[in-house]
Structures are given as C-alpha cells and as structure tokens.
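Engineer: Below you'll find the structure I mean.
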Amino acid sequence: MVSSKSNQQGHSWTLALMVTSTAIGGTFQYGYNLAIMNAPTNFIQGFVNDTCRERWDVQLEDYQVTLVWTIIVSMFSLGGLAGALIAGPMTIHFGRKKCMLLNNVYLMSAALLALTSRAARSFEMIIISRVLVGINAGISMNVQPMYFGESAPKHLRGAVSLSCAVFTAFGVVLGQVVGLREILGSEPYWHYLLASNAIPGFIQLLTLPWFPESPRYLLIDRGDKEACIKALRRLRGCEVQAGELDEMLQEQAQSSGVRPSRPWELLADRAHRWQLLSVIVISSAMQLCGNDSIYLYASYVFKEAGISVEKIQYITIGTGTCEFSACILCNLLIELKGRRFMLMGGYILMCCWAVVFTIALSFEHVVSWMPYLSMTCIFTYILSFGMGPAGVTGVLPTEFFSQTARPAAYMIAGSMMWINLFIVGMLFPFLVSSLGQYCFVPFAGVCLLSAMFVGFFLPETKGKTLSEINSEFNKLNFKGQQEKSLSPAQYQLGEVGLSTSL
C-alpha cells in the first residue's frame, strides 16, 4: 500500500539499526585501523629487525627499519585506492548490502595474516595484511555513504550519511583506547591488536543480513518495485508515501535502458562537469587540509608542552574524542544549517587555527605558555574538521549524481581521497624538516581555497531532489549556451532549453 499523505510520519528503529550494523563493519574500520598502528610502532620495528637478523644474520640500519615501517603504513593507502576502484563494479553487480558483507572477506583475511605473522616470523604478512585492510576500508568508504544516502528519507539524508564520519571518529577513539599499553598496546600483544579489527567484522556479518537492501537499488537497478516498497516500508516504519515513490519512479524512467556510467565516461560528460569537479575538489581537500597530519604532529607538540611520554598516549585519546564529538554535533546541525554552511565554516575555522598554530610554534621557545596554545590549536583544528569536512564530504556524491552515475562518481571521489592521503603521508615529514614551524602554512592555504570554492560554486543541496540540484549545476555546466538557446520570451517563462547543447 502506498500512502498519498505527504505529511505521514513513521517511527522505525530499522533505519537506525541498519546504519549501526553497516557502519560498525564499514567506516568504523577506517578510523580504527588508522589508530591502532600508532601504539605498536616500536614493537613492529623491533620485530622487523629481529626477523632480518634471524633470516640473514643482518642487523638493519635505523633508516632501513624506518623504510620498512613506512612501507607497512603506506600500504593501507594503496590498498584503499584499490578498494575505491573496485567498489563501483561491486555495488553494480552485488548491490549495496551484499557488497558490504562480501567486503569482510578482505578484513578476515587481513586479521588472520596479522594474527599469525608473529608465529610465522614474517613481517611480509603484516604488509599484505595492511593492503587487505586498506581494500576493505576503500570499499566501505565508498559503498556505505551510497547505501545510506539511497536508504534515508530526504529530510534525514544528510544526517544519516553523516553517520559515516561519526563512526570513523568512533573507530579512531576506540582504536586509541584499545592501543593503550594496559590493554593491547604492549609488546606481547601487538599482533592481537592488529587482528582485533575482525570483531566488528563479525558483528556486521551476524546483523546486516537482517536489514533491507537500498530501495533505490532494488527499483532502479533491479526493477523490483515490490521489493522496493517492502524495503521502504521497513525503513520508514509506515506506509510508503506516494511522493517519495514517484520521485524514484521518475528517476527509474530516466535511467531506463541506460547502463551504469564508467569513470572515464563521467569525466567526459559535460552535464556532470561541475558536479564531478566539486566532488574531486572537496574529496581532495579533505586529505590535503592536514587533519591526519596534525594527529602525527600531536606527540611532538605534547612533548614540547612538557607532557611526559607516559601520559601522551592518554592525551592523544582526546584528539580522537574531539573529532567524534564534533561529528555528532555536525550530525545534529547539518539538516538545520545545510551543507555549504558546514563545509565553509569548517574550512574557514581550520584556516584560522592553522595560522594561530604557526604563530604558536614560532614563539614556543620564547613565550612559556605558547606550547599550551599549540595544544589548544590541535584540538580546535580537529574540532573544526569534524564539524564540516569530515562528514559533509561523503554526502555530496549521493546528492549530486543519479543512480547510474553514482558508482563511478564514488570511484573517482574515493580514488582522489586515497591518493591524496598517500601523498600527504609521504610528504609531511619533508614539510616538517624543510619548513619547520611554517609546515602548516600550506594546509592553511588549502583550507582557504576550499572555503572559497564552496562559497562561489557549490549549491546548497539540503532538502532538494536530484532534479533540483542538477538544475542548479546546469547553470554552470551549460553557462553561455543557455543564453544563446533561450529567447527573451523563454526567459520570462523561466524555461530552460538545453536540447541544442545536449
């Protein structure tokens, strides 16, 4: 049954539980697997050195051990890039839910390799494990927001999609806690720490099969209207509203007979030029803004502030808690303030705090309280990131692109995110060594340019349908051609004639 009452409201825990089940084995893993690598750094480096000495009777130099460690860490980003590239085809062939379930094959394989690497005396198994974990994260970072955006009602679309960032931040916090020396962050247990990511995966495997597939996927990709209505009824907790179903049927009609776009076809499509450019810029800025780097720089600043090495691990948990709290707040505000406001506000605040951070680092040996200002900047920088870019970025591809273009758009956005994460991770040590206290000036520039791009070119998408959003972008995609193709009478009627430009 389909209800014609547009104001009918339902109350269902199914959507909330589906979000939790998907995210705990999805973007949660991204944050968790980033955080758990900090605690065992020295132990794994010692393991690498001991293994080489046992195999070849060779004592590695410090730079050689550091090189192997860098490879172990960077494999996560390269695996993530691979995952982002295969996520699109997987969602097309298997669907959103089944893709998330199959993604656990990579995770469980990685956990098994990490768990047995110590007994096998093989650091190569750790490298392979990190590649597989990266693939898992790359797939989930693309598929999860797509699944959420297609399953949530229009008035909750931003908040539900933003839960991806909330669970990422929660993963960081929990990874920092589990990595404490008192839990699994000590020398005898580091291999258990690396394999602990299997537990959230098991939770997802046990719970996610009970929830429905994306209604849009069922209707538009599979053509199963009855399954779509059934899924909508479960997710909404009420009868399906005619307006919501009509919107999906309209998109189905537009997509009828059209195969899913490939990334290179999307890049060449003028009708999606500014949508794709916006996604590329915002996805790249999310990594180039330096938020992940400031996590790396935190230990140094805390040492300069006089915090003992033993206590730094506890204070570092505060950085993850900051982002977690900010993402929850952003989740509450995104449908009230809109996407543009949250993105612009986040980047402008980050730019300001990067400038203050640079000033504090420049005078930390002159003014006694400057190191404490540096600590404050770390927390406020992360708070600003969590309030906007961390969550809003993943929402945009779902709102900008149709069902046939969405997988390719997420492949491109995910690839840009992982490539830039790899670049920043490799370049940051050189920025610190060459620029010193000015190492965050480039990040301030990225934040400022990103805020300007959002302010000038990004339309607000809150509460709008796909056709309304595309109409906004078409003013940029076909700028000039519309003016030539429209007569004065058509301007007065407000019609848009794009037939000649298409």
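Glycine too: its Cβ is placed from the backbone N, Cα and C atoms.
Any TrEMBL annotation is an automated prediction that lacks curation.
Fair warning: this is a prediction, and the values are worked out from it, not measured in the lab.
This is the feature table in TrEMBL:
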DOMAIN    19-462  domain 'Major facilitator superfamily (MFS) profile'
TRANSMEM  12-32  transmembrane segment
TRANSMEM  67-88  transmembrane segment
TRANSMEM  126-147  transmembrane segment
TRANSMEM  159-178  transmembrane segment
TRANSMEM  190-211  transmembrane segment
TRANSMEM  312-334  transmembrane segment
TRANSMEM  341-363  transmembrane segment
TRANSMEM  369-396  transmembrane segment
TRANSMEM  408-429  transmembrane segment
TRANSMEM  435-458  transmembrane segment
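Map the listed features onto the structure and describe their local environment.
Structural biologist: Outside the transmembrane segment (159-178), and at least 6 residues removed from its termini, the chain residues within Cβ reach (under 8 Å) are 15, 19, 23-24, 26-36, 38, 141, 144-145, 148-149, 151-152, 184-185, 193, 196, 313, 316-317, 320-321, 323-324, 326-328, 330-332, 334-335, 386, 390-392, 394-395, 398.
Tertiary neighbourhood of the transmembrane segment (369-396): same-chain residues 141, 145, 149, 157-158, 161-162, 164-166, 168-169, 278-279, 282-283, 285-286, 289, 291, 294-295, 297-298, 301-302, 304-306, 318-319, 322-327, 329-331, 333-334, 339, 342-347, 349-350, 353-354, 356-357, 360-361, 363, 450, 461, selected by CB-CB distance under 8 Å and a gap of 6+ residues from either end.
Non-local neighbours of the transmembrane segment (408-429) in the same chain are 70, 73-74, 77-78, 80-81, 83-85, 87-88, 134, 138, 141-143, 145-146, 260-263, 265-267, 272, 275-276, 279-280, 283-284, 286-288, 290, 292-293, 296, 397, 400-401, 439; each lies 6+ residues outside the stretch with a CB under 8 Å from one of its CB atoms.
Counting only same-chain residues 6+ beyond the ends of the transmembrane segment (435-458), those with a CB under 8 A from a CB of the stretch are 274, 278, 281-282, 285, 288-290, 293-294, 297, 339-340, 343-344, 347-348, 350-351, 354-355, 357-358, 361-362, 364, 389, 428, 476.
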Engineer: Can you find at least 3 Cβ pairs under 8 Å between the transmembrane segment (12-32) and the transmembrane segment (126-147), where each pair is 6 or more residues apart in sequence?
Structural biologist: yes
Engineer: By Cβ distance under 8 Å, which residues at least 6 away from the ends of the transmembrane segment (341-363) in the same chain are close to it?
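Structural biologist: Answer is 282, 285, 289-291, 330, 333-334, 370-371, 373-374, 377-378, 380-381, 384-385, 387-393, 436-438, 440-441, 443-444, 447-448, 450-451, 454-455, 458.
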